[in-house]
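The structure's right below; bear with me while I get my questions together.
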Amino acid sequence: MKRRNDSECTAPLKKQKKRVAELALSLSSTSDDEPPSSVNHAAKASATSLSGSDSETEGKQRSSDSFDDAFKADSLVEGTSSRYSMYNSVSQKLMAKMGFKEGEGLGKYSQGRKDIVEASNQKGRRGLGLTLQGFDQELNVNWRDEPEPSACEQVSWFPECTTEIPDTQEMSDWMVVGKRKMIIEDETEFCGEGLLRSVLKCKSVFDVLDGEEMRRARTRANPYEMIRGVFFLNRAAMKMANMDFVFDRMFTNPRDSYGKPLVKDREAELLYFADVCAGPGGFSEYVLWRKRWHAKGFGLTLKGPHDFKLEDFYSASSELFEPYYGEGGIDGDGDITRPENINAFRNFVLDNTDHKGVHFLMADGGFSVEGQENLQEILSKQLLLCQFLMALSVVRTGGHFICKTFDLFTPFSVGLIYLLYCCFERVCLFKPITSRPANSERYVVCKGLKVGIDEVRDYLFSVNIKLNQLRNTDSDVNLVVPLEVIKGDHEFTDYMIRSNEGHCSLQIKALAKIRAFVQDTTLIEPRQAEIRKECLRLWGIPDQARVAPSSTDPKSKFFELIQGTEIDIFSYKPTPLTAKTLEKIRPVLDYRCMVSGSEQKFLIGLGKSQIYTWDGRQSDRWVKLDLKTELPRDTLLSVEIVHELKGEGKAQRKISAIHILDVLVLNGSDVREQHFNQRIQLAEKFVKAVSKPSRPDMNPIRVKEVYRLEEMEKIFVRLEMKIIKGSSGTPKLSYTGRDDRHFVPTGLYIVRTVNEPWTMGFSKSFKRKFFYNKKTKNSTFDLPADAIAPFHICYYGRLFWEWGDGIRVHESQKPQDPDKLSKEDVLSFIQTHSA
């Protein structure tokens, strides 16, 4: 051909022409109307006309200069719009050379595609070309005008209820039974129809979407997603932390109407709480992390895969929490809808809270409604009722309640909220920022249970029985409060509608946002890390990773807990109380005494059943305690292991118990510097927190009864001779404690609780005790800080009066040995020096 005879200077031009021709061919698109041959022909023709033809009919060859001039064209074609301005100049010029005109296709007959080739919409592992019907439809929701993410939240309460709490007579005809209803679309009494349909439509578009795609988009779209569970068991714990802060620590630091705390860490009363329908237990883990051993929890939840996972409480001591599964106790099934379980749990809680009830109850019940998400409210109605019923059953007067709810469109659900509104001082519906905005979850928060709610509780109990009777039938309880009663309270109704519609609007925007994030995987929420940091700071939660507690040996833990205290102190033995040392118990008012039942030991708790004892001698090791009991980690006590007895003769039962003489560290709290009386009071509180009344198989833990030395005679009243099994029928001296169990006493510990140079006296004119400083001669009725005898002073200065052979402390014992200290000698000395 002619071109092969051209000079070498035309070689670069050839290559350029070839590239242009290839580009034109690749940019031409096959048309559904033409066969491939015509398409190829058109492409070739187009390439020929744009890049210069080799055919001899053209008459002459385009020179390199004319090609370069054409290549410098300023635009695609005259009048091209700016919609192509994002393409660089080279590509625009190439398209111009191929004869591109806006609105027309390439090719001889303009048969090429007219639109720009779209980016791939392929998502995940779907098949090529799969289209999810409904998902790609326009929602016409502007999610971009959502409020700026913030850690600050506002609470809106229902107005205070001025209606009297309904009584049995008034509620006698409130329950309405009718046909079971399984649609939600027409529930427009407490929400606008348009909003209701919109939120249901938005939820429905996700039905066809792969779950993993949904989760990934939700994670990117939610500005609060990175908060997660921090170092807790799950996200539920952080929801509770969130709401506890928002409601001014209403749960972990409840206050009376004057703002005074109802429980204090230094005082004897525990913070009692209940956690129902709450496995695996995130709510409880948060409360116990916040309050430690100053709180005691009771739990009821379904047994099985959704049970409490106490072994996963890494940040709190699960020994302070006691699951109880209703009828059958620890062997029950935990089904809150069974009336017998409700009664059993109520009785158990009241029996173990001095018949007062808990300070607050948390309920977080829910179950999978996969495929029926829009009916979640209807399917969960009995669960919601039973959680409300449990609150009215176990919460004390003035106590609080928090419960997860879902949609609240039906008159049945709104009726339940109305009853809470009547029974509590204040009620609100609240969605914390830790609850994902796209779901229907929110919480009903109730403050201050009123007096006189028993009849409402009984009414809800009867409704639950009716629901159980109608199960698996076509009938259902459709109303618990008549619509005219609810709507007669205009302020309640207005709040309910505002709350529902506001919640719907939030959901609609959040769902539309997730949909947008599914469609565009490049979208992200840029402030997630910043918001997380701000929230944790505000709520008082350390930004730490979740790590399992490290295991350690008892000796290392002991040295960690005593923090450099001289170890020799722990090997001190008590001074024997004899006729020669009797003067040491002066002044009498400085001393307390306790009945001994065995050798004193130190006990350390490393968590659960990892408990060890040590006799105080450096040469001896810590020995694993062979008892079935549990203690929180970082606990150090001074104890005796005592064999307790109950009953006499063949029916007599023996059990080994831990008797606490003094406390050093309680679940990480060092109390050694506090007054002896305060330490004993905290020990009593600690024992209440760790006791497990539902577990009779466990060895009990008790605190020694402490007597004032001047009241020692009270001890002898509780001594009697009893026949001990295995003692050949010979009666033995026994001391009976507060719980009607008795043990064989070995003597009496006498502990000085006032530090030198202070001592105690009794003012006859004021008829009260006072403190006197022997050095400065000062006296005061208030306890001076330096008069408190810390643990090591009490331990070092204690005396022990041994009740061995020759010591007669009960009239039925053998005669007194005249060379030993007698009961009469001690009582006479005390009486003389306590006046």
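The backbone N, Cα and C atoms fix where each Cβ goes, glycine too.
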Per Swiss-Prot, which of ASN234, ASN242, ASN374 sits in the S-adenosyl-L-methionine site along with CYS277, ALA278, GLY279, PRO280, GLY281, GLY282, PHE283, ASP335, ILE336?
ASN234
Same substrate site as LYS203, SER204, VAL205, PHE206, ASP207, ASN374, LEU375, GLN376, ASN439 according to Swiss-Prot: which of ARG216, ARG218?
ARG218
According to Swiss-Prot, which listed range is motif 'Bipartite nuclear localization signal': 2-19, 110-127?
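The range carrying the motif 'Bipartite nuclear localization signal' annotation in Swiss-Prot is 2-19.
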Quickly jot the same-chain residues contacting the domain 'WW' (752-786) by Cβ under 8 Å, restricted to those at least six beyond its ends, or write none.
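For the domain 'WW' (752-786), the sequence-distant neighbours (Cβ-Cβ under 8 Å, at least 6 residues beyond its ends) are 587, 589-592, 675-677, 793-794, 797-798, 834-835.
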Reported as an integer number of Å, what is the Cα distance between ASP207 (substrate binding site) and SER91 (phosphoserine)?
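For ASP207 (substrate binding site) versus SER91 (phosphoserine), the Cα atoms are 43 Å apart.
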When you measure from the Cβ of LYS203 (substrate binding site), how many other Cβ atoms are you left with inside 10 Å?
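So the number of other Cβ atoms within 10 Å of LYS203 (substrate binding site) is 18.
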May I ask you to report the DSSP-based helix, strand or coil state of ASP207 (substrate binding site)?
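Its secondary structure by DSSP: coil.
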Pop the mean pLDDT for the domain 'RrmJ-type SAM-dependent 2'-O-MTase' (231-450) in here, whole number is fine.
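Averaged over the domain 'RrmJ-type SAM-dependent 2'-O-MTase' (231-450), the predicted model reaches a pLDDT of 96.
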Going by Cα-Cα distance, which of the binding-site residues (LYS203, VAL205, ASN374, GLN376) sits nearest to SER91 (phosphoserine)?
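Checked the binding-site residues LYS203, VAL205, ASN374, GLN376; minimum Cα distance to SER91 (phosphoserine) goes to VAL205.
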I'd like the Cβ neighbour count for ASP207 (substrate binding site), meaning other Cβ atoms within 10 Å of its Cβ, all protein chains included.
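There are 12 such Cβ atoms around ASP207 (substrate binding site).
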Long-range neighbours only, meaning 6 or more apart in sequence with Cβ under 8 Å: which ones does ASN374 (substrate binding site) have?
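Listed in sequence order: ILE184, LEU200, LYS203, SER204.
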Taking the Cβ of each of the recorded positions and counting other Cβ atoms inside 10 Å, which one has the highest number: SER91, GLN376?
GLN376
